[in-house]
Amino acid sequence: MATTYRIAVLAGDGIGPEITAVALDVLRAIAPRFGLDFDFVPALVGGCAIDAVGEPLPAATLATCRQSDAVLLAAIGGTQWDSLPRHLRPETGLLALRSGLGLFANLRPAKIFPQLLHASSLKPEVIAGVDLMVVRELTGGIYFGQPRGIFTTETGEQRGVNTMAYTATEIDRIGRVAFETARKRQGKLCSVDKANVLEVSQLWRDRLTALSAEYPDVELTHLYVDNAAMQLVRAPKQFDTIVTSNLFGDILSDIAAMLTGSIGMLPSASLGESGPALFEPVHGSAPDIAGQDKANPLAMVLSAAMMLRYGLNQPAAAQAIEEAITAVLDQGYRTGDLMSEGCTLVGCREMGNLLIKELSR
């Protein structure tokens, strides 16, 4: 008897519906082999929700997500909503969704596919074999700390204020996710901070060091964030799992992303302590190519694979999808963002068809 999973599907804006269709087809194709069944429940978020009901995260969408086993999100946003007040913009809907689901840990892998070594701006010998994971704290730090704002001083001068703060509980929570993630990978965890000048980073380092006693099988190291950024570009193969705060993780995960050469190959997962996790590609909604069958669906498909591995505990099914992607790339098929001499250009739908063909072998 098949195991049925209820999946909230948030196709979103721009290329979102196109890449979502491919990911769902891939999941349907692989389901019978692993005794799985999916109940896909569509819901609105972002610009399409604003157009439909006047707000970026309808209450019905949050309710649907909370009642699901996992949430699969494509992309949100577009220039037509940029002039709206901040609280009505698509991006606010995503922040509210993360908050509403209690998601505090963001996992972003950066893995180099051998077939795409040429796509990176770094030398092949520098990036060949890179396979790392950035674990970023999502709900604390300087993006959420209070007080914040732009104030006028007694002398009439404007002063901008943001507060970077973490509690020991918040640090321990993300630290445990990072140690558990590293334990399932190569057993190496690098904690990134700025403990030489920031008290909040001193606490971060102290808490991670204390936690390491519970994970003797994981090797813990520490780097200052400026050095970590340099090392990611100089010698990225030294890293396995990186854990860091919200701001530093925002920056470092984008650096790690470009090691791969294409943001169109990067999935992500956002996890909470309980309840459904959120899985989405790193790239945006790319409205300039929406509806033209030019989008690269592979980051979305890899997000579906992450959902299987981290959200539904189906690692074998996840691996099968990843192996299908490798096989299709081995055969020389590329979407436009990955195209190089000697390869065969395919569109979004055809890339999906090739994956399904590979999965049916």
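Glycine residues also receive a Cβ, built from the backbone N, Cα and C atoms like all the rest.
According to Swiss-Prot, the protein carries these features:
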{"type": "BINDING", "residues": "78-91, 284-296", "note": "NAD(+) binding site"}
{"type": "BINDING", "residues": "Arg98, Arg108, Arg136, Asp226", "note": "substrate binding site"}
{"type": "BINDING", "residues": "Asp226, Asp250, Asp254", "note": "Mg(2+) binding site"}
{"type": "SITE", "residues": "Tyr143", "note": "site 'Important for catalysis'"}
{"type": "SITE", "residues": "Lys194", "note": "site 'Important for catalysis'"}
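Taking the Cβ of Ala290 (NAD(+) binding site) as centre and 10 Å as the limit, one finds 17 other Cβ atoms among all the protein chains shown. Fewest other C-beta atoms within 10 Å: among the binding-site residues Asp226, Asp250, Asp254, that description fits Asp226. In the structure shown, across all protein chains, Pro90 is the one of the binding-site residues Gly78, Pro90 with the greatest number of other Cβ atoms within 10 Å. Site extent for substrate: among the recorded binding residues Arg98, Arg108, Arg136, Asp226, the largest C-alpha separation is 28 Å. Straight-line distance linking the Cα atoms of Arg136 (substrate binding site) and Asp250 (Mg(2+) binding site), rounded to a whole number, equals 7 Å.
A simple Cβ count within 10 Å picks out one of the binding-site residues Arg86, Arg136 as the most packed, and that one is Arg136.
In the three-state DSSP scheme, Asp254 (Mg(2+) binding site) is classed as helix. For Arg108 (substrate binding site), other Cβ atoms within 10 Å of its Cβ number 23. There are 16 other CB atoms within 10 A of the CB of Tyr143 (site 'Important for catalysis'), with all protein chains counted. Within 10 Å of the C-beta of Lys294 (NAD(+) binding site) we count 17 further C-beta atoms, all protein chains included. Comparing CA positions across the recorded positions Pro90, Lys194, Asp250, Ala290, the one lying closest to Asp226 (substrate binding site) turns out to be Lys194. Same-chain residues with CB within 8 A of the center of the Asp226, Asp250, Asp254 CB atoms, the Mg(2+) site residues themselves not counted, are Val225, Ala229, Leu247, Phe248, Gly249, Ile251, Leu252, Ser253, Ile255.
Look at the Cβ of each of the recorded positions Asp82, Arg98, Lys194 and count the other Cβ atoms within 10 Å; the largest number goes with Lys194.
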